[in-house]
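Here's the structure, in structure tokens; my notes come after.
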Amino acid sequence: MPDFPVETLLLFMAAALALNLTPGPDMMFCLGSGAHRGTTAGVAAALGVACGAMVHTAAAAFGLAGLLMASPLLFEIVRWTGAAYLVWLAWNTFRAAPPAADGAKVTQKDIRRIFLRGAITNMLNPKVAIFFVAFLPQFIDPARGSVVIQALILGTMMNVSGTVVNAAVGAGAGGLGRHLARNPTVAKLLNWASGTVFLGLAIRLGLMGRA
């Protein structure tokens, strides 16, 4: 097990927390999911995002993420697939009946679906893979032992921090959304707001470059 200096861990966690507190695609996805389907959905979205981020962590640790940096074609395929998926989510959200109007409750099937959407949305964002490749090595020292294990440990720590932040955002949006959704008009507006978030994420992903 690598022996990280305390100052290295403190610096890493401070940097990770600052980055996780900065609004980004993952946070916006959790906010939109919570506002649309409630507190549990917001937390499920955060856990799904964390699952996707762990895939990126493992890819970075084992060097697979480097393929995205080396292959413009692969990067574009992943990027546009992710953008198309977000457009599909936005379309379905725009068309969905407001929870207050149809009285539907979030089922276990809904939670699994939202969790999966969070994981897929994160995994289909190539910028996440490139971020881990650029960020983690700054805190890794081959002299401490296995570089792979160090990357997995640090990536896991960062993902735990991100999950706490995103779950809080998703749950908060869910609580506020459920309260506001008692008004049918506001409930419909929440659907459109959530769909707009997903559509905005799709546009952002489509416009971004590799740099």
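Glycine too: its Cβ is placed from the backbone N, Cα and C atoms.
What TrEMBL records for 47-70 (among others) is transmembrane segment.
What TrEMBL lists as transmembrane segment is 77-94 (among others). Residues 32, 36, 68, 117, 120-121, 124-126, 191-192, 194-196, 198-199, 201-203, 205-206, 208 of the same chain sit 6 or more residues outside the transmembrane segment (77-94) yet have a Cβ under 8 Å from a Cβ within it.
What TrEMBL lists as transmembrane segment is 114-135 (among others).
If you look up TrEMBL, you'll see 147-169 (among others) marked as transmembrane segment. For the transmembrane segment (147-169), same-chain residues at least 6 beyond its ends with a Cβ under 8 Å from one of its own Cβ atoms are 1-2, 4, 9, 12-13, 16-17, 19-21, 26-27, 30-31, 34, 42-43, 45-47, 49-50, 53-54, 56-58, 60-62, 132, 136-137, 139-141.
As annotated by TrEMBL, transmembrane segment applies to 189-207 (among others).
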